[in-house]
Amino acid sequence: MKVDPNKEKALAAVLSQIEKQFGKGSIMKLGEDRTMDVETISTGSLSLDIALGAGGLPMGRIVEIYGPESSGKTTLTLEVIAAAQREGKTCAFIDAEHALDPIYAKKLGVDIDNLLCSQPDTGEQALEICDALTRSGAVDVIVVDSVAALTPKAEIEGEIGDSHMGLAARMMSQAMRKLAGNLKQSNTLLIFINQIRMKIGVMFGSPETTTGGNALKFYASVRLDIRRTGAIKDGDEVVGNETRVKVVKNKIAAPFKQAEFQILYGQGINRTGELVDLGVAHKLVDKAGAWYSYKGEKIGQGRANAGKFLTENPVIASEINTTLRAMLLNGGANSSDSKTESDENIDLETGEVF
């Protein structure tokens, strides 16, 4: 297509002026952007990393993790923090619920001596701390636990029973507008944990909704719905939860996939169990009867023993992990552990299931 040379000259001049005024990279042609390969941080679960499509949660974006009580929301964010710290990144935890257990965090691999932690008095204070940490450019991951606990100052200073219609939603909406650009510039990952509420009078579809208004749904690049699907027992004792995570919104890869994994009490995500399951599903690990073998050598009778073998042999576990990531993240995962949900209606903009 023939382009007017005068227009080309005018465009070059205005682009130069914009870059001089606002900095290099403030405007560019989409196809020329070499920075569009999104940097990610592992969630601690290989199957969830695969379901997300990019290998983890994206840096410079907003992520929302929501679900019922005791479904593993905080555990998942602590696993992300541990993974980020292993890469030498600085992390912060805004504990609005005042419920963070440092002993449990340490068990999950979090370096609590180097984890920044704040227990703010009001929702505005929590979001201002988020913004200040983001603008510093020195913090890589910020977790806010939780949106429901971000109480506006007016509500705290008022009396119980006073009506404060829409205060939290307005506060979140203003914060999202302010934070989104700063997060992109500083390449900081901001994770909001959220709770579920029930909408009154809903006759059709799911009555569930999340707190804090609609702004977070729109600004979030990734929304994860985490649910406990069953209990893991050792004899009569419950030792963990079977967990399912649905990627209900994803702006960095194909959405609507899901991952299933185990969360063991006091240990976190059962990574070796995932490696065994995914290894068998993709023919890296052979299963004959109850026996599991890798490259012709038996590694254990039963899933638990195979997982124990991988725990005791981290080199082999790392080899299986690396091979699975290369297979499934480059070519796309079509296994049952990262399948697309097609039996539900989903709002394509917000990722809301209805």
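For all residues, glycine too, the Cβ spot is worked out from N, Cα and C.
Features as listed in Swiss-Prot:
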type     : residues                                               : note
BINDING  : Gly67, Pro68, Glu69, Ser70, Ser71, Gly72, Lys73, Thr74 : ATP binding site
REGION   : 331-354                                                : region 'Disordered'
COMPBIAS : 343-354                                                : compositional bias 'Acidic residues'
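Within 8 Å of the centroid of the Cβ atoms of Gly67, Pro68, Glu69, Ser70, Ser71, Gly72, Lys73, Thr74, where the record puts ATP, the same chain has further Cβ atoms from Ile226, Arg228. Other Cβ atoms within 10 Å of the Cβ of Lys73 (ATP binding site) number 21 in total over all chains. Set side by side, the binding-site residues Ser70, Thr74 differ in how many other CB atoms lie within 10 angstroms of their CB, and the most is found at Thr74. DSSP gives Thr74 (ATP binding site) a helix state.
Using a 10 Å Cβ-Cβ cutoff, Ser71 (ATP binding site) registers 22 neighbours. Taking Cβ-Cβ distances under 8 Å and a sequence gap of 6 or more within the same chain, the neighbours of Gly67 (ATP binding site) are Lys73, Ile196, Asp225, Ile226, Arg227. Taking the Cβ of Gly72 (ATP binding site) as centre and 10 Å as the limit, one finds 25 other Cβ atoms among all the protein chains shown.
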